[in-house]
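The next block holds one structure in the form of structure tokens; read it before the comments.
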Amino acid sequence: MVNFTVDEIRGMMDKKRNIRNMSVIAHVDHGKSTLTDSLVSKAGIIAGARAGETRFTDTRKDEQDRCITIKSTAISMFFELEEKDLVFITNPDQREKSEKGFLINLIDSPGHVDFSSEVTAALRVTDGALVVVDCVSGVCVQTETVLRQAIAERIKPILFMNKMDRALLELQLEAEELYQTFQRIVENVNVIIATYNDDGGPMGEVRVDPSKGSVGFGSGLHGWAFTLKQFSEMYADKFKIDLVKLMNRLWGENFFNPQTKKWSKQKDDDNKRSFCMYVLDPIYKVFDAIMKFKKEEIDDLLKKIGVTIKHEDSDKDGKALLKVVMRSWLPAGEALLQMIAIHLPSPVVAQKYRMEMLYEGPHDDEAAIGIKSCDPEAPLMMYVSKMVPTSDKGRFYAFGRVFSGKVVTGQKARIMGPNFTPGKKEDLYEKTIQRTILMMGRYVEAIEDVPSGNICGLVGVDQFLVKTGTITTFKNAHNMKVMKFSVSPVVRVAVEPKNPADLPKLVEGLKRLAKSDPMVQCINEESGEHIVAGAGELHLEICLKDLEEDHACIPIKKSDPVVSYRETVAEESDQLCLSKSPNKHNRLFMKAQPMPDGLPEDIDEGRVNPRDDFKTRARYLTEKYEYDVTEARKIWCFGPEGTGPNILVDCSKGVQYLNEIKDSVVAGFQWAAKEGVMAEENLRGVRFNIYDVTLHTDAIHRGGGQIIPTTRRCLYACLLTAQPRLMEPVYLCEIQCPEVAVGGIYGVLNRRRGHVFEESQVAGTPMFIVKAYLPVNESFGFTADLRSNTGGQAFPQCVFDHWQVLPGDPCEPQSKPYNVVQETRKRKGLKEGLPDLTQYLDKL
């Protein structure tokens, strides 16, 4: 059954040049899990005949039922390459001299946008990515998102065009049209790569190129695939041409004239594009003969391509026969495997250029050098990217990758959570690792130790980590960088147990839920509510189902989904706001003003961040946003959480004792930024200026207890005098549909305050792509509504895109923002009505 044992895999783990860590990424429903099957069956884990239907990596019951991948799953597989293929691996760090075997750690990740946090976790522990694109629908919004994430993490992509069977059987494209489709997809992918990749960077050439063999074509469902390398091998002997030369000739503007045996770069009447003639024609002939049941032709063709049909398959015809023939002529596992082994980097190569992206500490300490050289003798550095639930309720495997050193069963290690700072004790545990295990899709295998460059699971550290963290044996190690998610949790639901006696179980269940999903947030409100926040409707639905069935095991009542809002201001405060401390000895004078457009986004994406050098940051703000240089240098802090899109600027001149109260003012600012004045939602895009401070001369009269609440009152007064506004989150919605259904889409979007900003036809197909902005608040039940209005022909994908100001003034009764504020205040148990300015503003 399986072609290898755990001991063999353990042996391969030391040959780090022959390891490939890769993930499969793509748009939803482009066929990742189906394609993964052909690799898994090549390794002998599942029967070849079942490949394409098994979806081996969809391990959960709801994944099989819904036919979507929800969690990313890992499999380790062992393969051997033939001598003739090994020649293509030129870099000495890409393979050991005498070793033909390769250990491939493959992670199948979900394509659905609601689970893109799972993709981020998968990308962090891998070095290469197989990007799957459906050749009928082309490059979609999610393909772009995941590809962008991959490039940002410095992960090398290779491309696979899936669903060729659809292009031939359903759309019945001509060879030339099909070539143009491929050409367009390759160009689109390369444009995305070029946009996000730094040219001349350490990764070298990242763009994909069919003539180099880094692009594959085929059909995962039927289990066949090829790269230009396979076809060149068939022709190289016959034409007596060098293989690499031929591969270059088979793609692009190369035309061949069979009469005169001449190549040319132009299209004439009697010559034909080489890709169509030598690659597509044979495939078309096989398809044509089999689907039109031409018995004699089939036998001739099979002799030519060297396929013999087994006895039990001899009475098949039509699609069934097509599958058998294509599968034995161009087996998908083989083509994919060669692409992976030849074009994806080994840990030795990849960690050289990924270290600076991964490690927060100095780039020349022991840990950094260990990661850079992928050295199993260096101190252990392992990054845990997610938690995987075990069969034992409430316990988790920590799933991650060893970047340097080796992890051994029973060794003592430092477990550092994401909030750990070197030299402090918080978020740090010294514990023993109970067991190390190997992840195999649906099964796990125990293993003694795992050296650097490999992916594994750990038992016994789940109590000390929430979701992610670093495990190390090096005393002065810093953390590995925290993962950046491309979506943010904006949809929330309040949950409560149906039977109040079950409350402790619910709390316990929420803790486990927070562990098991990289993205979900569980919040305890002060009013005693338990809130679960997720990326979208589907994400929340799956999380609540898990909570009910696996984590808490009790029946649960849930509220309607609620959207998080943000508070902001529209203009500068109309007066200088003054607040006095409770003992009347200290006074603060401040104003609020909105940030210029684009700055909050710059802060979110880290182009302006608190860790920058203040001079470079000030220069950036002055050039791009025309801030005053002296003020831009005196940004005290960002908030909320020290990194959010609001700033506190010191514009005062020569104030005594100012630095002594800085900490207290900052604490008050963080408090106000986290809970705004209108509805206690986070602030966004507000800049507060401190103009003057009068303080008492005795230090005892200006302690934190005097200053912090005063700062908060003063900031609230600033907000109320600066025309407060609410912001709501907006989805970018991409909808695929045939031309007839476009009208129905506009109707649905208009009813839901959405607006279309782009509409394009996918060249070569009858499909239209409509892009629109849709407020998250209006998106509940959108999919069902859309399908009923278009006869089930439209497929939407919604990604969180940006925040936009809700039109209207929340201070005017009966306006929409006013109602939102009232509902939120009621839900949070605050006093009804609007906050009163006189509570916060003092007279001189």
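From the backbone N, Cα and C atoms, a Cβ is placed for every residue, glycine too.
Per Swiss-Prot, the features are as follows:
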- 26-33, 162-165, 219-221: GTP binding site (BINDING)
- 17-348: domain 'tr-type G' (DOMAIN)
- THR57: phosphothreonine (MOD_RES)
- THR59: phosphothreonine (MOD_RES)
- SER488: phosphoserine (MOD_RES)
- HIS701: diphthamide (MOD_RES)
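A distance of 61 Å separates the Cα atom of the residue listed as 'diphthamide' from that of ALA26 (GTP binding site). Residues near MET164 (GTP binding site) in space but far in sequence (CB under 8 A, at least 6 apart, same chain), listed by position: CYS135, PHE217, GLY218, SER219. Counting other Cβ atoms within 10 Å of each Cβ, the binding-site residues ALA26, LEU221 show the lowest value at LEU221. Summarising model confidence by region, the domain 'tr-type G' (17-348) averages a pLDDT of 74. Taking the binding-site residues ASN162, SER219 in turn and counting surrounding C-beta atoms within 10 angstroms, the largest count is reached at SER219.
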